[in-house]
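So the structure is just underneath, and the comments pick up after that.
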Ligand code: ATP
């Protein structure tokens with residue numbers, strides 16, 4: 001039995017670094033190229049497993065080399081990949097150009113992720129066996145909706161990262177136990193820009209943990225006003241996937257029986273560790289590093 005199941009996207013990030021972004025129609029020489037397993041679903045699964053969770057990933061990759069390498073990366077992090085579907089459609093890819101100074105462009109080709117338009121029996125069975133389900137919005141909305149309803153009906157805790165940002169149908173929010181938006185996503189869904197007010201609005205519909213980057217997070221429920229969850233003061237070098245690390249580690253802690261304040265503190269610590277290193281899923285810390293960090297600041 002997996003404590004945490006992640007139904008979400010798996011992409012290979014194809015990252016080119018350049019001195020500057022090319023103009024329209026222009027070809028320029030790049031500097032470096034690297035391939036990193038990514039996609040919000042895979043990132044969250046890897047973060048949860050590295051933090052000590054028992055994690056299964058439910059998603060889809062192509063029957064191709066990129067798919068095999070993503071599965072190997074998930075397995076190397078300790079993630080159970082037996083529920084991953086192999087498709088004739090190629091593995092999803094994110095084509096990322098990063099200029100010196102951090103400006104970037106990203107084109108995501110969903111590929112195999114886009115074939116998941118309904119809840120497959122293997123994925124439903126994985127949810128049935130889990131304590132906590134992690135969802136994001138990089139799969140087609142119908143499967144996210146179906147998974148949330150399936151989990152809700154069975155009492156499986158459902159955590160939704162509403163990224164990429166989009167308005168959410170009422171029935172989806174009603175089936176979610178905890179919504180974890182960043183500032184931009186919260187403003188779009190709640191219809192107000194101020195994070196405190198957005199947290200108040202969203203908390204009427206489900207528990208909400210609104211992340212604010214280096215300013216930490218706000219946690220609110222229907223019965224409580226938003227409370228601040230402090231971030232740890234660190235020097236960030238790359239905040240890519242900080243949110244995914246935060247959610248993955250939060251879920252691993254909750255599934256292991258931690259109370260919400262303790263789970264949020266572990267998630268903040270893990271995200272603070274991850275932003276001090278370059279990379280995405282590859283910068284998610286192990287349980288031992290999180291423990292050592294928390295021991296050092298206690
Ligand atoms: P991403 O899209 O890059 O995955 P996000 O926008 O979803 O990130 P953020 O709100 O930026 O998520 O960050 C999530 C959490 O990570 C924050 O609530 C905080 O605890 C931690 N964090 C992010 N940036 C920093 C930072 N510079 N220093 C310390 N902690 C940070």
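Every residue gets a Cβ built from N, Cα and C, even glycine.
Listed in TrEMBL:
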{"type": "DOMAIN", "residues": "1-286", "note": "domain 'Carbohydrate kinase PfkB'"}
{"type": "BINDING", "residues": "11, 12, 13, 39, 40, 41, 42, 43, 138, 244", "note": "substrate binding site"}
{"type": "BINDING", "residues": "182, 211, 212, 213, 214, 215, 216, 243, 244", "note": "ATP binding site"}
{"type": "BINDING", "residues": "238, 240, 274, 277, 279, 283", "note": "K(+) binding site"}
{"type": "ACT_SITE", "residues": "244", "note": "active site, proton acceptor"}
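Here the features listed in TrEMBL are painted onto the structure.
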residue: 42; record: substrate binding site; Cβ neighbours (10 Å): 32
residue: 138; record: substrate binding site; Cβ neighbours (10 Å): 24
residue: 212; record: ATP binding site; Cβ neighbours (10 Å): 16
residue: 216; record: ATP binding site; Cβ neighbours (10 Å): 18
residue: 238; record: K(+) binding site; Cβ neighbours (10 Å): 16
residue: 244; record: ATP binding site; Cβ neighbours (10 Å): 32
residue: 274; record: K(+) binding site; Cβ neighbours (10 Å): 30
residue: 277; record: K(+) binding site; Cβ neighbours (10 Å): 13
residue: 279; record: K(+) binding site; Cβ neighbours (10 Å): 17
residue: 283; record: K(+) binding site; Cβ neighbours (10 Å): 25
Request  = To the nearest whole angstrom, state the Cα distance for the pair residue 279 (K(+) binding site) and residue 13 (substrate binding site).
outcome  = 11
Message = I'd like to know which of the binding-site residues 40, 240 has the most other Cβ atoms within 10 Å of its Cβ.
response = 40
Ask   = Can you list the residues of the same chain, besides 238, 240, 274, 277, 279, 283, whose Cβ falls within 8 Å of the K(+) site's Cβ centroid?
value = 237, 239, 241, 242, 275, 276, 278, 280, 282
Ask   = Can you give the largest Cα to Cα distance in Å, as a whole number, for the residues 182, 211, 212, 213, 214, 215, 216, 243, 244 that bind ATP in the record?
value = 16
Task = Can you check how the pLDDT averages out over the domain 'Carbohydrate kinase PfkB' (1-286)?
result = 95
Residue 40 (substrate binding site) versus binding-site residues 182, 212, 216, 244, 283 - nearest by Cα = 244
Task = Report, as a single number, how many Cβ atoms besides its own are within 10 Å of the Cβ of residue 182 (ATP binding site).
result = 20
